[in-house]
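Quick notes on the structure that follows.
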Amino acid sequence: MSLAPAPVPPTSPAESDLVRAARGLPVSRTPVWFMRQAGRSLPEYRSLRAGTVMLDACQDPDMVTEITLQPVRRHGVDAAILFSDIVLPLVVAGMDVEIKPGIGPVIDEPVRSVADVDALPSLEPEALGFLQTAVRQLVAELGATPLIGFAGAPFTLATYLIEGGPSKEHARTKAFMYAEPEAWGRLLDKLAVSAAIFLRAQVDAGAAAVQLFDSWAGVLSAADYAERVLPHSRAVFDGLGDRERGERDVPRIHFGVGTGELLPLIGDAGADVVGVDWRIPLDEAARRVGQQRSLQGNLDPAVLLADRATVDREVRRIVEQGKAARGHIFNLGHGVLPDTDPGVLTHVAELVHELTAS
Ligand code: 1CP
C-alpha cells in the first residue's frame, strides 16, 4: 500500500512507478501495462508485420524495437514488454518450432521419450546478440519507462514440447510428468537453464524488470506444482544471479492463469510480484500471497469488449481491491484479446492513472 508520495516524475527506469510498486515502495500513481500489449490489436503492428513470419520478426532488432514501442506511444502505459515469444529460446537453440498464425507454437517432432529429452539442443548465450541489440535500442528510446524482459517458465514450455502445440487439458504433459519423473526433471532442468540464459541476456542489456510466464501452471494441483514444477521455476530466478551481491537485482514478476490455489507457491518460487488472473479478487489474492510480495492484475480481458460503464466499474473495483496488496501493478488477468479496441486500452491506462494520482 502507498502511504507517501513518490518523488515525481520518475527520472529513470529504476525509479519508475512500475519498479517501485514491484518492490512495495510508494508510487506517484498505480503503474499500468497490459500483457500482450504489443502485436495484438494495433493496426500499426499489423501493417509493420505484414509479410514477415512471426519468428523472423522476433529476431529482427529494428522490428522488435518498433513493435515494442508502439503500445507505449499509443496508450501511455508505464512499461514496455519486449516483443518476442516464449518459444524463441527453443528456436534459437535450433529446435524445429513454428508459430502458426491463429494457432500458436507448433513442434513437428514432440518430446515423448527420455531419448527425446536428451537430444534437445542447448541455448548458447552467444546466439542472443540480436536480442541484446533490440534491448539496448529500446532502453535508449524508452528513457525513464522501464522495459520488461520475459521468458516462458519450464512447465509452460514443456507443454508445447510434449503436446506438439497448444492444448487445453495438457493430458500428455501430465502423463509424461507422472510416468517419467526422471526424464521430466531433466527436461524442466534444461528449460530452466535456457530460460535463465534468455532472461540474463535481456537484463544485462538493460531490461528493468522480468516476467516469467507460467501461463498453464494452473492445470496442476498445488502438491504436484510444489514438487514437480516449482523447483525448476525457482532455478530460473536463481539463475539470474545472486541478488545479495547486486547481480541483476531487477524485480521479478511471476504469472500463470487459473493459479488461485497456487498463488503462495508462485510467490515462493522467487517472485517480487505475483500475477493474478480475474478468477480471484485482488484483496483475496493479497491474503493468500501475504505482504512480502506485490500483486499484478487482474482485469478480465473480456471486459474490454463490454460497454464503457462496465469497463469503468471493473477498473475502479480492481484499483480498490489492489489497495490490499503490498504494491499493485494494474494489468489484465491474461493477454489482450485480438478484437480489443485499442482506444479502450488507452482509456483504461488513463483511468487508472486518474484514480490513483497522489
Ligand atoms: O505484448 C506482447 O505481445 C509481447 C510479446 C509476446 C509475449 C509476451 C508474444 C508475441 N508472446 C508472448 C508470450 C507467450 N507466447 C505466452 C505467455 C503469455 C500468455 O499466456 O499469453 C504464451 C503461452 C505464448 C505461446 C503463444 N505464442 C501463443 C498461445 C498459444 C496457446 O497455447 O494458446 C500464441 C498464439 C503465440 C504466437 C504469438 N506470440 C506473440 C504474438 C504477437 C503471436 C501471434 C503471432 C502471429 O502473428 O501469428
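Including glycine, each Cβ sits where the backbone N, Cα and C put it.
Positions annotated as domain 'Uroporphyrinogen decarboxylase (URO-D)' by TrEMBL: 31-40 (among others). Within the model, the domain 'Uroporphyrinogen decarboxylase (URO-D)' (31-40) shows a mean pLDDT value of 93, rounded to a whole number.
In sequence order, Gly335, Val336 constitute the residues six or more apart from Arg36 (substrate binding site) in its chain with CB-CB distances below 8 Å. According to TrEMBL, the substrate binding site annotation covers Arg36, Gln37, Ala38, Gly39, Arg40, Asp85, Tyr160, Ser215, His334.
Per TrEMBL, site 'Transition state stabilizer' is recorded for Asp85. Annotation note: Asp85 (site 'Transition state stabilizer') sits in a coil segment as assigned by DSSP.
The domain 'Uroporphyrinogen decarboxylase (URO-D)' annotation in TrEMBL covers 148-164 (among others). DSSP assignment over the domain 'Uroporphyrinogen decarboxylase (URO-D)' (148-164) gives 10 helix, 5 strand, 2 coil.
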Max CA-CA distance, Å, over listed substrate-binding residues Arg36, Gln37, Ala38, Gly39, Arg40, Asp85, Tyr160, Ser215, His334: 22
Inter-residue C-alpha distance, Arg40 (substrate binding site) and Asp85 (site 'Transition state stabilizer') (nearest angstrom): 13
Distance-selected recorded positions near ligand 1 (C-beta under 6 Å), from Arg36, Ala38, Asp85, Tyr160: Arg36, Ala38, Asp85
